[in-house]
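Asks: Okay, here's the structure, questions in a sec.
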Amino acid sequence: MRLEEEFSHCDNYDEEEEPKTMSQCSIGALQQQQQQKFVVVGYALTSKKIKSFLQPKFEGLARNKGILFVAIDQNRPLSDQGPFDIVLHKLTGKEWRQILEDYRQTHPEVTVLDPPDAIQHLHNRQSMLQCVADMNLSTSYGRVGVPRQLVIKKDASSIADAVDKAGLILPLVAKPLVADGSAKSHELSLAYDQYSLQKLEPPLVLQEFVNHGGVLFKVYIVGEAIKVVRRFSLPDVTKRELSKVTGVFRFPRVSCAAASADDADLDPSVAELPPRPLLERLAKELRWRLGLRLFNLDIIREHGTRDRFYVIDINYFPGYGKMPGYEHIFTDFLLSLVQSRYKKRSS
């Protein structure tokens, strides 16, 4: 742990303002903090992520636990800043990835959350779910797989033939191939008939739609901690509906905080959370296979079953601000990272 001479926010922090440096903080506050040692977390986040994640309550709790968040200046060399115990980031671009990779090589004592190459793996929906498919996880608590899917990189006119050749069953969920966190990457469409498939816009991934009672489970993972919440999702499609409905129906981001299903009056068979031991096994395997510690899973249960689950999406550094109790979970996680590093050094 280090004493940092630059702080991201003052005690009178206004969440609408940009992060402030030491020159903007009061000298009195700095003198008080100089008598303490802090875990210093440098962060490089979008303004939207800063607002949703670094909420005043969270920063206040972190400060009380000895954690300081410091804004990384992207206009200065990263190695000239700090020193940091942890670097927390969610920025995109080849230049930024290279900066982080170089920094990891020259500063092995700093924990980077998470390795940029590992994050890149989740930006492509073709590779995103492959690790889940390779696991073929099956335990006494249930089975976890992925829906059958097909990647279409170009030529919408050939989609129908490709779907027929692959043997996929309608309706099909269409998602953008690139999952970069943008609003567009979260949009999806539901195609009911083969003729309408030509209206889709490649590059994209087509997934067989699995009826799941209109509810999905968001599984937030922060290191070894797991938190599950229910979210409303697309409703089931009946055989009668499938025989009468045609076309492509487009949806914005389906799962969001406003669509919470935790307090809804649901059928118990739909509302029942996936078994904890199954989620722990899944999370442990994915942490190892993905090389990530901050991500979430969108999981559905096949309607009419108790133990058949599908992972339909994986997101890096999701909206933890929507996760109940994230303040304590995340601060404990950050402290555990530093403690683990000290134990390794002293052993």
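Cβ coordinates are placed from backbone N, Cα and C, and glycine is handled just like the others.
According to TrEMBL, the record shows the following:
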| type | residues | note |
| --- | --- | --- |
| BINDING | K49, K90, H186, K218, N315, G319 | 1D-myo-inositol 1,3,4-trisphosphate binding site |
| BINDING | R125, K175, 207-218, S233 | ATP binding site |
| BINDING | D298, D313 | Mg(2+) 1 binding site |
| BINDING | D313, N315 | Mg(2+) 2 binding site |
| DOMAIN | 40-119 | domain 'Inositol-tetrakisphosphate 1-kinase N-terminal' |
| DOMAIN | 140-335 | domain 'Inositol 1,3,4-trisphosphate 5/6-kinase ATP-grasp' |
Asks: Could you state the whole-number distance in Å separating the C-alpha atoms of D313 (Mg(2+) 1 binding site) and R125 (ATP binding site)?
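Replies: Distance between the two Cα atoms comes out at 8 Å.
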Asks: Between the binding-site residues K49, K90, H186, D298, which lies closest to F209 (ATP binding site), Cα to Cα?
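Replies: That would be D298, the closest of K49, K90, H186, D298 to F209 (ATP binding site).
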Asks: With a 10 Å radius around each C-beta, find which of these binding-site residues (H186, K218) has the fewest other C-beta atoms nearby.
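Replies: Looking at the binding-site residues H186, K218, the Cβ with the fewest others within 10 Å is that of H186.
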Asks: If you count CB neighbours within 10 Å, which one among the binding-site residues Q207, N211, S233, N315 has the smallest count?
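Replies: N211, out of the binding-site residues Q207, N211, S233, N315, has the fewest neighbouring Cβ atoms within 10 Å.
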Asks: Among F209, F217, the binding-site residues in question, whose Cβ has the most other Cβ atoms within 10 Å in this structure?
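Replies: By the 10 Å Cβ neighbour count, F217 comes out on top.
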Asks: Hey, how far is V215 (ATP binding site) from K49 (1D-myo-inositol 1,3,4-trisphosphate binding site), Cα to Cα, in Å?
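Replies: V215 (ATP binding site) to K49 (1D-myo-inositol 1,3,4-trisphosphate binding site), Cα-Cα distance: 26 Å.
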Asks: Counting every protein chain present, what is the number of Cβ atoms, excluding its own, within 10 Å of the Cβ of G319 (1D-myo-inositol 1,3,4-trisphosphate binding site)?
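Replies: A count of 17.
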